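> Sharing a structure, written as structure tokens. Questions coming.
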Amino acid sequence: MSDGLFITLEGVEGAGKTTQAKQLAEWLSGLGLPVLATREPGAGLIGAQIRQVLLNPANTELAPMTEALLLAADRAQHVAETLRPALAAGKIIVCDRYADSFFAYQGYGRGLNMAELISLNEAAAGGLIPDITLLLELPPDEGLKRAAKRGASDRMEQEQLDFHRRLSDGYQKLAEAFPQRIRQINAAQEETLVQADMRKVLLPLLYERGLVRDVVR
């Protein structure tokens, strides 16, 4: 067993994961903990190249299984190059998306065979499962409105609303299947309240692992 902690953030497009992950990593670092902030897809040099292919709006002919295989390749590289070494070194990982995105987007969104996706993920991740997952919940139509305000949209953001509704439903099913690991956070509230709720969920785990001992706010 490693002394590290693996935290993932999940949610629909526009749910605020990237902002919240950054703030969460800063908070944990402020507690004196060794933190690594990372993401999927796109961590490292190889991951960045895979991300470019996956999210480029020009790649309209990318087949669903090709997409899944690229994501699995990204995960395999990420786990080997970044995640396992960081956990072995006792770091606290804050990861913006991981395997639950794979099942929500490629399984429920694209309609790929879930058993095949589970096998792909097992090959890529080698059994590495997050200690806790924070699912930022937001209606998909509201998420897309938020995402549109950022400017140019990527290939995923350009998908039809029905696709985003399917993957949102998929996240709900995953949360129901793994209630101990996946903790649901209301992402429709103010940004500061979202962050506060995330910290409330994490604190008991930090105390349980002996990572913090003093009273933390």
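Here the Cβ of each residue, glycine as well, is placed from N, Cα and C on the backbone.
This is the feature table in TrEMBL:
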- Gly11, Val12, Glu13, Gly14, Ala15, Gly16, Lys17, Thr18: ATP binding site (BINDING)
- 9-197: domain 'Thymidylate kinase-like' (DOMAIN)
> For the recorded ATP site, enumerate neighbouring residues of the same chain (Cβ within 8 Å of the Cβ centroid of Gly11, Val12, Glu13, Gly14, Ala15, Gly16, Lys17, Thr18, site residues themselves excluded), in sequence order.
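Those within range, site residues removed, are Leu136, Leu138, Gly143, Arg146, Ala147, Ala187.
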> So if I draw a 10 Å sphere around the Cβ of Ala15 (ATP binding site), how many other Cβ atoms end up inside it?
27
> Long-range neighbours only, meaning 6 or more apart in sequence with Cβ under 8 Å: which ones does Glu13 (ATP binding site) have?
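The answer is Pro140, Gly143, Leu144, Ala147, Met156, Glu157, His164.
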> Sorted by position, what residues of the same chain at least six away from Gly16 (ATP binding site) have a C-beta under 8 A from it?
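In sequence order, Leu136, Leu138, Arg146, Ala187, Glu191, Val194 meet the Cβ cut-off.
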> Could you tell me which three-state DSSP class Gly11 (ATP binding site) falls into?
strand
> Compile a sequence-ordered list of residues in the same chain as Lys17 (ATP binding site), six or more apart from it, whose Cβ lies below 8 A from its Cβ; state 'none' when nothing qualifies.
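Listed in sequence order, they are Leu9, Glu10, Gly11, Asp96, Arg97, Leu136.
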> What does DSSP assign Lys17 (ATP binding site), in three states?
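Its secondary structure by DSSP: helix.
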> So if I draw a 10 Å sphere around the Cβ of Gly11 (ATP binding site), how many other Cβ atoms end up inside it?
27
> Relative to the Cβ position of Thr18 (ATP binding site), how many further Cβ atoms are located within 10 Å?
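Result for Thr18 (ATP binding site): 13 neighbouring Cβ atoms inside 10 Å.
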> Just to verify: the residue among Val12, Gly14 with the fewest other Cβ atoms within 10 Å, which of the binding-site residues is it?
Gly14
